[in-house]
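Here TrEMBL flags B:12-37, B:57-81, B:93-113, B:133-157, B:188-208 as transmembrane segment.
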Amino acid sequence: MSDRTPLTPRTPPTPRTPLTSRARRPLLATAGVLLLCALPLYAEAYWLQIGLFAMAAAIGAIGLNLLSGGAGQLSLGHAFFLAVGAYGYAWLAGEPGPGLPAPLALVLAVCLAGVAGGLFSPVSGRVRGIYLGVATLALVFIGHHVMLNAESVTGGYNGRAVAPFELFGFSFTGQDPELLVLGVPFGAEERLWYLGLTLLAVAWFTARNILRGRPGRAMAAVRDSEVAASVMGVPVARYRSAAFVVSSMYAGLSGALIALAFRRIVPDYFGLVLSIDYLAMIVIGGLGSVGGAVAGAAFVTALPLVMARYADALPIVDEPGGPGHVVGPTEAARYLYGAAIIVVLRYAPGGLAGLLRRRPARARPEPSPTGTDPAAGAAPPLGTGPHVTPLPVPSAQRKESRP
Amino acid sequence: MNQVLDILINGLALGSVYALVALGFVIIFKASGVMNFAQGSMLLFGGYLTAVLHEHIGFLAALAVGVLATAVLAGAVDRLLLRGLDPSQHHILTILTIGVDILIVTELARRIGGDLLSLGDPWGNEVVALGGVTVPVSRIACIVVSVLVIGAVFAAFRYSSWGLSLRAAAEDREAAALMGIPLSRIRTLAWCLAGALAALAALFLTAFPAPGLERTTGQIALKAFPAAILGGMTSPPGALVGSLLIGVTEALAAGYQSELSGFGRGLGDVAPYLVMITVLLIRPHGLLGTKEAVRV
């Protein structure tokens, strides 16, 4: 944590909110993990399904955040890599396909997404920032085209079924073996919940370690000033494409998990809207923050589903399927999250994570360009003087310097 | 031979529509460094207004209202939403336009529903014979009007004081501000112009032989992105070249679909993106884009 390595003696210690207090943090985290572990014992399958989608999305969002928040590259091609992971798993583990054991298929699907990201590296390493965002648009459309036409692998327009996950003979479906935990029957949702939780934990810690370690600092340097980074000996293009590959692998894992949760995948799901959803997740959660990505993913994924569930209880929302002039739950959710993007960017550029972290950031005596990111904040200043290139990560100081 | 000519005219018409949209991207990008993802929703907005109004006030008036209202909407987005944010944070501003796009498109798609709206253009489904090929009049109108409008925009770049200010601001923001150029007014004007161009593009996109305005019409702007990128985002002539290239490629891929069936159906829709990736592989800064030089 940045708390352990203060760069300079902290002048007046500002009061902290209880939430970010150093002592309570591990406590809260433990409580959160316990709660998540106990949830399948109490929640209905519907909520577990939502949670499962949220966890899958969270993994993908963490990956995108490594790229956008970490290396400052924008990607609208995330849906493509999700699709590679999803179809990769479905094909490798199922029929038609080689029918490999499920865990092996999962690992290979993730690697496949990584390879796909690597193949794009001539573009992702050289094209910068927003340009890359538009260049990656192409992947979504080309991917969609391939999904529709490569029918032997993807099943074409109608998609294909996904083989259930199986680990050492333990199947992640309703039966085989029947499982009763504390009187609660464990069906597919309950079992997949723990799989998702485990994968999310692995993804979370890996991302934190990447961001806090040497690669994370190198990426932050590339993000903040390409020139300064290359002068310091950071191979800019290599780090950019590496960040892209890692982010693709996260997307692949996320896609495979989504495929498991859906049990059937269709090409139309992996469209541009999905890519934009992921971008919205990391923006709402806070660029550069792993926890923020998870929170943003939960928000964006759960919003339409929860709205649909309570459609009749909400005053403005009408039942879906009516004539064009009523606001359905899906539309209401889209209004809300379109507005959320605008409001967050205008009034809380650090996202949800930035809101929690604002106070400690103020305690830092000199404005550090790496801003709200704790990992980047812990990095020593790069010794580059004023940064010339625009910062992709909104800094809390910028916000606070305004009256 | 006739088929080639037919495809070429189709491609030119398509390319000139893309050029209208792509020029809007480039103008906004030059003025503010923002990639305007809301351009598709502007296009849909202009088209929708024209479609709704033309039965009441006639086609030309409806078109004028549509174009002006879209210009105002685009200007309002700049003034109300983008202003006050740090102008150097291009990522943030760009993502913000995605939020704007989601809001506007959701609302318009809800209003349009599953309908197909006609914009009430005067050309209808008339065709003329031109050197052995039959060409819809709307295609000719599209090419002619686009050439005139784009010519006017280029002239404005070159000769008007706004164009001069815009070029100065794109060159060096600080120096331009020190010379007394009102940056924020220039920027708002750029947004307005881009909005107007998008609304005009909506007209030709929905005219015959296209069926009409649908809720998904705005997505066409996404094909103008490759056009702007492969021309080099900072170069208006580049956007023009890119648009024509993309338009003709798409028409060729659609025209020779049966010969290209090995690549799957609907190749025309992905052709623009394939061209963009190919160009970016060879020239990462686009065809006519300037390679950024950094002084240390």
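Cβ coordinates are placed from backbone N, Cα and C, and glycine is handled just like the others.
Only sequence-distant pairs (6 or more apart) were considered; of these, at least three Cβ pairs between the transmembrane segment (B:57-81) and the transmembrane segment (B:188-208) are under 8 A, so the stretches are in contact. Just going by CB pairs under 8 A, the stretch in B:12-37, B:93-113, B:188-208 that sits most against the transmembrane segment (B:133-157) is B:12-37. Long-range contacts of the transmembrane segment (B:188-208) within the same chain, counting only residues at least 6 positions beyond its ends with a Cβ under 8 Å from a Cβ of the stretch, are 13, 16-17, 20-21, 23-25, 27-28, 30-32, 36, 39-40, 42-47, 49-51, 63, 66-75, 77-79, 117-119, 121, 123-125, 136, 138, 141-142, 145-146, 149, 153, 162, 166, 217, 220-221. Beyond the transmembrane segment (B:93-113), the same-chain residues lying 6 or more positions past its ends with a Cβ under 8 Å from any Cβ of the stretch are 32-38, 40-42, 44-45, 48, 77, 81-82, 85, 87, 213-215, 218.
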